[in-house]
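The structure appears below as structure tokens.
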């Protein structure tokens, strides 16, 4: 099973979304929030393109990699699910290491909040990533979709209507 | 908010820089004052008049995920230009097929479509019954026929009952409508005004359902009530059964009883009756108003439009096919 960084991100938000997403049942295209994020990604840091590079290896696609300072930059719209963003970035660093690029640092960037957040990869994290990968593999290769779990974030999720629409009889 | 655009006039649609330009033609095919249609505002086109367009336009529309539905002179649905299907899921396709091949499951889903369709038809009749139209007889007959539905175990049997119920339902039209008579359902071509409106409205509802299905991972050719892939996207026929009474029929009652559409809005031929251009425009407008009407959705806690409701219906079906949650069709309670 091919795992990418999106899976790592979603894994830390919602297991049900992970299963659906991995099975190509997706709703991101219906979401204004996702679209907003795409625009933020495209329009932030316009001067960067010459100095930074967008890199793709082994199922990951890094927003910007600063080769000189060895820093991976990841742009996000809001820091509501910061923990998931951190793991996504840590996974990038992990994959870089697997390919022999070591001592890489990470920065989460929230341009609309005018905030940044440095991220480092520790030994504990490396072990945790291995666990996460194994767990993701288990979830997405299962026939069963994980059950519905109501969370605070559900209402702003692009899967909300899919998960919560039902007929309530009188 | 993206909108549906209806092209009634003959003309030419083209890409102009990064937007759309429509040049209507007069009766001698001379170009008239062009109109610019902001591409970001367009969700789809319904083409009723003759349209000149090039492949570069379709490439552009495809990129922007804009569908184009075509209708012939007789208002029959001809086909659609659908942008590339980006929402493919092998899992869903297999689940959809497996449910069709499982005879019990297929009939179970088909039952639900008819069950909700009949319920929604009855809601229409109840609505007019409360407003002084004498419909007790039709309601009673339809209800007793509906009781047989759960006992049917084959699709032809179910279709037979549905036909009988629908016959009864259509006799109510003559009571509900003040100035027009329908007598019986005739199509291809419709023989009178009410039949013309039903045919036209059903076509519109069918295309809208296709659009909703296209926005999900469901495959529109695999259906349960109707036989799959008979020339048409048959899943649209299945799903639109639920919505025809509450969208199409309600709009017909409205436009005729409020005298928005009158005798002069129809073209009568030897054995056919069709809406003319003005009539179509009035009907389409009333239909759009109905689509955009919103109500508070019980389980979502948000306002949703009737148009959006069709997509939510697809989500529920999808969940059932994937084994997440049993499908319950939409029934109107007001």
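For all residues, glycine too, the Cβ spot is worked out from N, Cα and C.
The Mn(2+) binding site annotation in TrEMBL covers B:162, B:226, B:241. According to DSSP, residue B:162 (Mn(2+) binding site) is assigned to a helical segment.
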Residues near the Mn(2+) site, B:162, B:226, B:241 excluded, by Cβ within 8 Å of the Cβ center?
B:110, B:113, B:114, B:117, B:159, B:225, B:237, B:238
Same-chain residues six or more away whose CB lies under 8 A from the CB of residue B:226 (Mn(2+) binding site)?
B:234, B:235, B:237, B:238
According to DSSP, collapsed to three classes, what secondary structure does residue B:226 (Mn(2+) binding site) have?
coil
Near residue B:162 (Mn(2+) binding site), which residues of its own chain have a C-beta under 8 A away, given they sit six or more steps off in sequence?
B:114, B:117, B:118
